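Trainee: What follows is a single structure, and I will ask about it in a moment.
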Amino acid sequence: MTERRDNVSHAPDAIEGPNDGAHAEETSPGFFSFENLGVAQVQVVGGTLNGYVIGYVAVYLLLYLTATECKFTTEGACGGRKIYGCKWSGTTCKFENPKCSEGSDPSDSCKNEVAYTSVYSGIFACAMIVGSMVGSIIAGKCITTFGLKKSFIIVSITCTIACVVVQVAIEYNNYYALCTGRVLIGLGVGILCSVFPMYVNENAHPKLCKMDGVLFQVFTTLGIMLAAMLGLILDKTGASKEEANMAGRLHVFSAVPLGLSVAMFLVGMFLRESTATFAQDDDGKADGGMDPNEYGWGQMLWPLFMGAVTAGTLQLTGINAVMNYAPKITENLGMDPSLGNFLVMAWNFVTSLVAIPLASRFTMRQMFITCSFVASCMCLFLCGIPVFPGVAEEKVKNGVATTGIALFIAAFEFGVGSCFFVLAQDLFPPSFRPKGSSFVVMMQFIFNILINLLYPITTEAISGGATGDQDKGQAVVFILFGLIGLICFVLQFFYLYPYDANQDHENDHGTEPVERILSPVDVPTPRN
């Protein structure tokens, strides 16, 4: 058997002895101590950046719609934005395409000049996710090759370059450059989603590890809310939209992730080295630290499968459909798009805060499974069936659907989103976590791509086109979200368990790692 690190038994998911828990309780740092904040700071900056780039899509599409409507009332606002197909003619702002200016041509060629088509919107929404999927694939190799701290710096540099590309794309209204920038920032985010939770998992005190772990999702929701709040400010305040420089507002909105990327680089430069190290010699064997080749992919098939199921719960229950298309969804429910988007994201953040005290009282498994069941039921019985045309009256439908979305988001943030990145680590033994967590994160990005690309197209198609009743398509899609969530819930109820680090010694007597995992116990928390 390959030699293991001596301190593996002290990993955050290890089961403590009868006296270890009391000792840890007495000697552990406080949640707001400098020692703990020095570890948790990576969740703050990384989660906020992750959330902002997620919330970026809905706001950008809304601001871009305003920029391309050519309803500006001043020559400066209209004439200065020829890149959006607008020109000043006498006293009015018109489309450069004469057919559009006449207002009598209903052809698609004219309509497509306003905002993006559903296909272009879907591609734009999933561009970052494609990059994230690639980033998650290489994250494991990046961690074992460069270590956690250097990977942190690599992420910050990649995201900074991506933000510069986006700024250039906005200046020239280049859709393809914009998508390229989103792919690049997704590449950084894909690595980030494995590196940052792993750094906390390996370096936080055992008592605080799970509470620190859920901070990644908490600050992800904060980043999403910040994007929605800034979008509301840019859309509603200052000069009216008819007189404003919308391209300038898009530049301001896109400058925030650039600032966060630079801040991430500065944090990474002064971040202390991780206690977990991975090293290999030329023969692929460990020459120090943990051996990343200790477990093969075949030995981890069952944990990998359950990781994919948790990723399905995270993405295929529709959370990103709500996040990316919140303005359109809330508008269909009779609300102002930008205000509705902000209210959804603010509620998303507030509910995520509840996960911190819950993590000190319940296991990650208990939180994840319970909340996944509730979220799936909300999709099916409140967001889906009542919204279908003819099932309920308009006022009742809007009230029930709004309540359903609110409860769905609450259940998701209480346990599904907050526990996912912790479970992506806990499902695997420490030496396999670079590979295992990268795979799980990759799967959630694959599912994310499917949702972002197919949600607008499927909703529109089921509704009978852009002019059809959009409630029909939205209802059918949310019913599917609920059914998928319930299927995943059944699998998780019977088979989702964290890796049992306390049974490592069984391998010395011939028991294979996969056999150890089939009957594990839950990871304990300070109060459970």
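Just so you know, glycine gets a Cβ as well, placed from its N, Cα and C.
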Trainee: Same topological domain name for Thr91 and Gln425 in Swiss-Prot, and hence the same side of the membrane?
Mentor: no
Trainee: What is the average pLDDT across the topological domain 'Cytoplasmic' (360-367)?
Mentor: 89
Trainee: Summarise the topological domain 'Cytoplasmic' (425-438) as counts of helix, strand and coil residues per DSSP.
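Mentor: Helix, strand and coil residues of the topological domain 'Cytoplasmic' (425-438) number 11 helix, 0 strand, 3 coil.
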Trainee: Are the transmembrane segment (251-271) and the transmembrane segment (476-496) near each other by the rule of at least 3 C-beta pairs under 8 angstroms (pairs 6 or more apart)?
Mentor: no
